[in-house]
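*Asks:* Per Swiss-Prot, the features are:
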{"type": "BINDING", "residues": "12-18, 40-42, Arg303, 329-331, 411-413", "note": "GTP binding site"}
{"type": "BINDING", "residues": "Asp13, Gly40", "note": "Mg(2+) binding site"}
{"type": "BINDING", "residues": "Asp13, Glu14, Gly15, Lys16, Asn38, Ala39, Gly40, His41, Thr130, Arg144, Gln224, Thr239, Arg301", "note": "IMP binding site"}
{"type": "ACT_SITE", "residues": "Asp13", "note": "active site, proton acceptor"}
{"type": "ACT_SITE", "residues": "His41", "note": "active site, proton donor"}
{"type": "BINDING", "residues": "Thr297, Val298, Ser299, Asn300, Arg301, Arg302, Arg303", "note": "substrate binding site"}
Amino acid sequence: MNNIVIVGLQWGDEGKGKIVDYLSENADVVVRFQGGNNAGHTIVVDDEVYKLNLLPSAVLRPGKISIIGNGVALDSHALISEIESLKVKGVDVNYNNLMVSESCPLILSVHKDKEKLFEDLNGNHKIGTTNKGIGPCYEDKVGRRAIRLCDLENADELNKRLDTLLNYHNAIRKGLNYQVVKKEEILKEIQEISEKILSYKKPVWKILNDLMKEGKKIIFEGAQGAFLDIDHGTYPFVTSSNTVASQAITGSGLSSNAYIIGVVKAYTTRVGNGPFPTEQKNEVGDSLFTIGKELGTVSNRRRRCGWFDAVLVRQAVQLSGVSSIVLTKLDVLNSFDTIKICTGYKYSGKMYDYLPASHSIQGELEPIYEEFPGWKENTQGKRSIETLPINLIKYIEGLEKLIGVPIHLISTSPKREDVIKLKDF
């Protein structure tokens, strides 16, 4: 099991960062393969809280290699700022333990401008983006006009590519009576950061293939969650990249078999707009929000909260070929008398055992629940299966039966050490 892919199976915020950090103790390399600094991974080490956006979670472990793959939309200024903030805390990030793909498309100020502009134009139909410029950056990548990290080394090439990029963006800005951008402004923006960021530039695909031949253990760290996937998520309320496990190949350049682990919360949360069948707009939702401290790591927005959706997670398991589940934030459910799990949907007299693709149907689905008795016992910080209440064990067994794959690990607090291994991988 030299290669592991770790992905979220809900709408993100499942606790992937902690799990990657935990498993990376026995790995050599951790790779980010999609998304951008719209992702937020929170890790607690010795009571110190680290909030990572672009950097792989292994950056907190000495001796590990962290890699940002070509599938990541790269905000160079944000990355350098994140590196410098970690150095202040004593974390060593250097050109030997962090490598960035030379093919990464760069997020520029024009991308952030465009995202905000179109979100404002959408009015009441906003997607609810983080306004980090990720979507417009991916649009330019697909449109073959993106500035990539490798372009910064060649002034002539950079100038040509900037002309192409700004012809497109300024045409849109003129049409919307928005001030055009001068090339000199973008050049200055790039030149401010180019020397620092180019120091990390590497042919990541080649390095990963060489590391694999050496027998190194590699973890691929997903961002967001399965139902934010541009193809398989609750479209159009999705992110702009593929978040399922298969993207690990495309977004890194390493084609190899891997063991796939899915991370889920013991309940469900979602940031921003979009369908959410098990959302609880009541005391249950308020309790989950308060106890779970459900504020977005990046956006600081309140996360919507609801019961665990086994239909959704089972579908995500199948989309990513998941072999194993890690269950997080079980301790948030400690005080509940009764806990519900969604086992199916009802819409217009028809039963569904999957999430239909139609947005109009998704928003009208009526969840069907199975109830489980709560355990009414403090489980926060538990580290052995023998200390767990019987009703919590029954809840886990119920989830396994509904999802169709085993739960191997559970997390009982944000701290690195508070993990219980239920079964061997």
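Cβ from N, Cα, C; glycine included.
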*Asks:* Rank the recorded positions Lys18, His41, Arg302, Arg303 by how many other Cβ atoms lie within 10 Å of each Cβ and give me the one with the fewest.
*Replies:* Arg302
*Asks:* Measuring Cα to Cα, how many Å separate Gly12 (GTP binding site) from Gly40 (Mg(2+) binding site)?
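*Replies:* Roughly 9 Å, rounded to the nearest whole number.
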*Asks:* Output the one of Asn300, Thr412 that, of all these binding-site residues, has the highest number of other Cβ atoms within 10 Å of its Cβ.
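*Replies:* That would be Thr412, with the most Cβ atoms nearby.
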*Asks:* In angstrom units, rounded to an integer, how far apart are the Cα atoms of Leu330 (GTP binding site) and Arg303 (substrate binding site)?
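*Replies:* If we compare the Cα positions of Leu330 (GTP binding site) and Arg303 (substrate binding site), the gap is 17 Å.
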*Asks:* Can you grab the distance from Arg303 (substrate binding site) over to Thr412 (GTP binding site)? Cα atoms, rounded to a whole Å.
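*Replies:* Arg303 (substrate binding site) and Thr412 (GTP binding site) have their Cα atoms 20 Å apart.
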*Asks:* Restricting the comparison to the binding-site residues Asp13, Asn38, Gly40, Arg301, which residue's C-alpha is spatially nearest the C-alpha of Thr412 (GTP binding site)?
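*Replies:* Its closest listed neighbour, by Cα, is Asp13.
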*Asks:* For Gln224 (IMP binding site), which of the listed binding-site residues (Asp13, Lys18, Gly40, Thr42) have their CA atom within 10 A of its CA?
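*Replies:* Passing the 10 Å Cα cut: Asp13, Gly40.
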*Asks:* Can you tell me which binding-site residues out of Lys18, Asn300, Arg301, Arg302 are within 10 A of His41 (active site, proton donor) by Cα, answering none if there aren't any?
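*Replies:* Correct set: Lys18.
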*Asks:* Measure from the Cβ of Gly12 (GTP binding site) and count the other Cβ atoms within 10 Å, all protein chains considered.
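*Replies:* Within a 10 Å radius of the Cβ of Gly12 (GTP binding site) lie 28 other Cβ atoms.
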*Asks:* Taking the Cα atoms as reference points, how far is Thr42 (GTP binding site) from Thr130 (IMP binding site) in Å?
*Replies:* 17
*Asks:* How far apart, in angstrom, are the most distant Cα atoms among the IMP-binding residues Asp13, Glu14, Gly15, Lys16, Asn38, Ala39, Gly40, His41, Thr130, Arg144, Gln224, Thr239, Arg301?
*Replies:* 34
*Asks:* Compared by Cα position, which of the binding-site residues Asp13, Gly15, Lys18, Asn300, Arg302 is the closest one to Thr130 (IMP binding site)?
*Replies:* Asn300
*Asks:* Count, for each of the binding-site residues Asn38, Thr42, Thr130, Gln224, the other C-beta atoms lying within 10 angstroms of its own C-beta, and report the residue with the smallest count.
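*Replies:* Sparsest of the binding-site residues Asn38, Thr42, Thr130, Gln224 by Cβ contacts within 10 Å: Thr42.
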